[in-house]
């Protein structure tokens, strides 16, 4: 894997810097590394593809070295280099695709394609000169079963979940109280509602709670907490739990009271915040508990009182909500996030070449399914294919 990264890094630098008019002295070190790559690869043969519709391709290497010059690189020099670069880039691209479409239930962190296994041989280590990628660093750690650490921006840690629970319901669905939520990606939105605006509740207050368990532990997380849930701020028609009918939700937004968010690890509270909004941090957690209250306003103008009458019909429904968004965090496991295209890269290649469903990944690389059942086998395979996708993205956008 590290050899594949070094190949890609060398080729990227060569493609960017070996251009007509450049002083040879400015790229002499790069050309020396480029020639070392050619020397190491010459005389070797590889085969890629042969799974799904990914075609079988045979690769052989017999290239001349780039020479030295005292002056600028001319058009002939650059054209010779380009022919070599293009072949190598095509080879790396196909090795990456061949690796990204394969999976294994055992030791899925290790190379699975014949071509990448061959590149792992000792003689190709002479190519290896650069392992500065976070993915390569963590792949090496995971391969040795040591602790890894990925930094993510808006990590997709929450499987998609959109539902509701009713703490009070009636057959006519005209006086409901409960909670509805939408968890997806890096964001939780939860709303508590009471059609009667807590008129018969103790102290005219309704208590709500929403607990979310993560599939992986996050550390040093920067989080945004807001006293609102905008996705639940407009009228909608909702299917009943049994699917037999529908009910109408017409929210009027109030500010939540006594808001508390707890971050827990193995059932122990690590961080707690009360009535604190904006940016917060959490050190180490695998569970988030949100609690908040809806309080009937003790003093109301006539216009507000008309929204919340003392008896039915309740045409407007008192609603309070919270939004929790994980902006950045560190995780030992690889995840899809907002700043990278690894999941899309892997999924698109598997779809384009009609790769059959294997023993590890769900059909279509469905992320909700994958993260919901994030087994050690899936973790190993996902880290490997994401690492390869990161290498491929250096050369192929």
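First residue shown is number 1, and so on along the chain.
Glycine is treated like the rest: Cβ placed from N, Cα and C.
Taken from Swiss-Prot, the feature Zn(2+) binding site covers 153, and the record attributes it to sequence analysis. As annotated by Swiss-Prot, Ca(2+) binding site applies to 266, 286, with the evidence given as sequence analysis. Swiss-Prot lists 62-73 with the feature region 'Interaction with the inner capsid protein VP2', giving sequence analysis as the kind of evidence.
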Long-range Cβ neighbours of the region 'Interaction with the inner capsid protein VP2' (62-73) (under 8 Å; 6 or more residues past either end): 18-24, 27-28, 31, 34-35, 38-39, 41-43, 80-81, 84, 87
153, 266 as binding-site residues, winner by CB count within 10 A: 153
Secondary structure content of the region 'Interaction with the inner capsid protein VP2' (62-73), with strand meaning DSSP E or B: 0 helix, 1 strand, 11 coil
Neighbour count (Cβ, 10 Å) for residue 286 (Ca(2+) binding site): 17
Mapped DSSP class for residue 286 (Ca(2+) binding site), helix or strand or coil: strand
Length of the line joining the Cα atoms of residue 153 (Zn(2+) binding site) and residue 266 (Ca(2+) binding site), in Å: 24
PLDDT averaged over every residue in the region 'Interaction with the inner capsid protein VP2' (62-73): 91
Mapped DSSP class for the residue listed as 'Zn(2+) binding site', helix or strand or coil: strand
Residue 266 (Ca(2+) binding site) in three-state DSSP notation: coil
